[in-house]
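Right, one structure below, let's go through it.
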Amino acid sequence: MNYRLLCRLLGIVCVLIGGSMLFSLPWALPGLANRTGAEAPGIEAVEWNGVVALLGSVAVCALFGAILIRTGRSSKGAALFQKEAMAVVGLSWVLATVLGALPFWFSRTQIRPGEPVTFIESMFEAQSGFSTTGATVLTNLENPDMVPYCILFWRSSTHFLGGLGIVVLFVAILGQGSAGKAMMRAEMPGPTKEGSMPRMQATAWAFAGIYIGLNLILILIYRIEGMSMFDAVCHGFGTMATGGFSTWNASLGHFNSAAIDYTTIVFMILAGTNFTLLYLSLFDSPRRLFRDTEWRFYLGIIGVLSALIIFFGMRHHDAGFDTFSSSLRYSLFQVVSVITTTGYGTGDFDNWNNFGRGSLLLLMFVGGCAGSTGGGLKVIRHVLFYKILLLEVERVHHPRVVRPLTLGGSPTEDQELRKSIPVYFCLILGIFIASWLILITFEPSTTWGADLNRIAAVAEVMEEADPAADSNVTRRELKEHTLDEKLLDCASAVAATLNNIGPGLGVTGPTKNYAGFSQGGKLLFVWLMMLGRVEVFSVLVLLMPSFWRRF
């Protein structure tokens, strides 16, 4: 491991992160950060706490970056090998989490009235932004006294930076030669289907160009549809990054606009599409998009599941499913939001019937297309896993048949792919189960509404109403109910953070947040969000002592 080279590259990342914070400063000025709607509170004076917090954070980033660059100054011109490339990717995300947390912490952003965020909660918010998860610990986004507008803009900016990835933008700006390919592969999860362009820097610029272009188009459409500039920019960042941070407590449901909802659906689908495929469709032939196996499966899942949710939603008379048009709008929006791992909400899907809730929970493990800004396991992995499973089943009754694994009608010669896909599924399942068990073991039951105090209060009321009643039965039933809630909610929270969704079910539902979890639970979620955003092997390899040995 070339530590001096590593220090120099990480120092540049620190400077880039610090520089990006400067773009949030103008939103501290009165009149600029107005929100959509007359009921939205404005700011009448410069948000000095936000300005000081951002400038202090920039100074820390610049100082730390300068120290690292100076430490590695002798490595200029040194070759960057795959080991250093993977270390840069993993440690860049650690640095982004720590440095990105500083504006929240320095500004004393409040998680609840009078209760400033801890540094762990600040890290949670930063990692959620950079990993495009969209989970939050902030309980009131609409009060500028609790969350300054310029800090709210920085929060959305982390989505923009994390959308294509800090390292992809790093490669676009600085190149890094042959190691750029290793860096981009390490940061952008999912197997590669399309042939890569000859130069990684050109590829990174192409991705960045499409990403920025779609952002600008979406922001313009949002403005036409009635959003303020502040809301349009923040929600544009959140949509194209498949992040989900909103400037309103009710998310996009605040606007109650069918036009905004359908616009967001279209751009979420684009954000969840392979960007290489978008590039080739734009500059070569649009037919490439419709011939792509993964994209057809992607649209098929959206269409079939939306239709089933409409059927069961109207059958159970769920809220918002009164007419076919409203059913189509709400079901399609939520299915697209979850499969692309955006996490926006237009209503509380936690109140849907069991089929709808269960379908969305399972959909969290699907994700968008490989090479998109979406998280999750990726559609292509599910397609390949299904094909591998069929081949193995066929071998049971036809052991002598040798049939190649095909994708898009063409056989793939990569034998390692047949082994790595099932291994990857098992690894993600293992991480999910281990994290779930850790959370339900160490997370206190007071996180849930039916805690011991509530149990005692209900039993007390029963005893007063009927002294002969057996209140122990009620205590036992409520405790069992609390345990059931805890098991489901912990599973949902782990799935939502590991797959970079954001909102889950129960205490982390679309109208709730992660504020009630313990500090240890929030730290676990920070780790899971990074595992979900970066290629999981690129993170786990950092834990191996042999990885850090010098040449």
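All residue numbers here begin at 1 and follow the chain in the order shown.
Using N, Cα and C of the backbone, Cβ positions are placed for all residues, glycine too.
Copied from TrEMBL, the annotated features are:
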TRANSMEM  7-28  transmembrane segment
TRANSMEM  48-69  transmembrane segment
TRANSMEM  85-106  transmembrane segment
TRANSMEM  152-175  transmembrane segment
TRANSMEM  202-222  transmembrane segment
TRANSMEM  262-283  transmembrane segment
TRANSMEM  295-314  transmembrane segment
TRANSMEM  360-380  transmembrane segment
TRANSMEM  421-442  transmembrane segment
TRANSMEM  524-548  transmembrane segment
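Against the transmembrane segment (421-442), stretch 524-548 has more CB pairs under 8 A than any other of 48-69, 85-106, 262-283, 360-380, 524-548. If you look at the transmembrane segment (85-106) against the transmembrane segment (202-222), you find fewer than three C-beta pairs under 8 angstroms, all six or more positions apart, and that falls short of contact.
Between the transmembrane segment (262-283) and the stretches 7-28, 48-69, 202-222, 295-314, 360-380, it is 360-380 that has the most C-beta pairs under 8 angstroms.
Residues 43, 46-48, 50-51, 54-55, 57-62, 64-73, 75-76, 80, 84, 88, 91-92, 95-96, 99-100, 103, 148-154, 157, 161, 166, 169-170, 173-174, 230 of the same chain lie 6 or more positions beyond the ends of the transmembrane segment (7-28) yet place their CB under 8 Å from a CB of it. Sequence-distant contacts of the transmembrane segment (360-380), counting only residues of its own chain at least 6 positions beyond either end whose CB sits under 8 Å from a CB of the stretch, comprise 131-133, 163-164, 188-194, 211, 240-242, 271-277, 294-295, 297-298, 301, 305, 334-335, 338-342, 349, 352, 424-425, 428, 491-492, 495-496, 499-501, 504-505, 532-533.
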